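Structure record follows, encoded as structure tokens.
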Amino acid sequence: MQVRNILVALVVVCFAVSEAATQAPTSPPDSSASAEQVAQLLNAPSELDRLKLLKDNQFVFDFKNSKLGVTQSAGGKTVATSRTDFPAVIGHNIAMTVGFIEACGINLPHTHPRATEINFIAKGRFQAGFFLENQATFIGHILEEGMATVFPQGAIHFEINLECEPAMFVAAFNNEDPGVQTTASSFFGLPADVAAVSLNISSIQTVEDLAKYLPHNPAIAMKECMQRCGMTGSSESSESSEDSSCSD
């Protein structure tokens with residue numbers, strides 16, 4: 001009788017597994033939080049109180065399928081967590097961005113004003129580098145799959161996919177609100193006369209014209225890479241979906 005019961009139980013389990021396998025894949029969990037919940041989490045008197053404010057699904061963020069925190073253009077997309085998109089990070093001084101970069105794509109030069117970054121190459125091969133401050137020298141690397149590098153807080157840095165197929169990096173931060181400032185677009189966001197003086201250009205119109213040609217992030221990188229990979233078309237990027245998001 002005991003053997004029979006075990007066999008019946010196995011049949012039931014196998015049937016349940018089979019049924020689950022045939023069901024449509026579930027949609028990514030909605031981990032987002034309202035401004036009110038974020039404020040409550042920030043002001044929680046203890047970690048236990050903060051834990052009670054979160055739902056189970058708010059501890060999971062689906063980088064692959066998320067529609068939150070996405071910046072997308074011709075060179076791929078970056079998906080970044082934030083307090084409102086992934087409230088489980090609140091109080092832990094951590095954040096993350098995953099870059100899904102197309103062949104010859106570049107995550108344009110940018111800074112994180114409030115965080116140091118450690119960047120891990122999950123797939124592919126990247127050229128990466130940073131410039132920290134005046135009188136420093138540029139530091140650059142070729143990073144293979146499985147390697148990592150550090151970008152100090154506030155340093156201008158970038159990542160270029162050197163391969164002819166999509167690649168991926170994972171960037172972690174020591175601040176749940178690292179911020180991001182894309183270098184070129186921020187510079188040309190200054191008053192045109194200030195930008196003109198900085199570039200030693202006399203014509204404000206020239207500065208305004210240059211600003212019109214700035215690519216959106218992530219962009220398609222060097223022509224050499226495009227030629228090597230047999231890619232055709234302009235390296236100019238199309239409009240990004242969310243320029244202000246916290247891309248790496």
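Placement of Cβ uses the backbone N, Cα and C atoms for every residue, glycine included.
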Among His141, His157, Swiss-Prot assigns to the Mn(2+) site of His110, His112, Glu117 just His157
Spatial separation of Asn200 (N-linked glycosylation site) from His110 (Mn(2+) binding site) - C-alpha basis, Å:
23
Return one of helix, strand or coil for Glu117 (Mn(2+) binding site), based on DSSP.
strand
Minimal Cβ count within 10 Å, across the binding-site residues His110, His112, points to His110
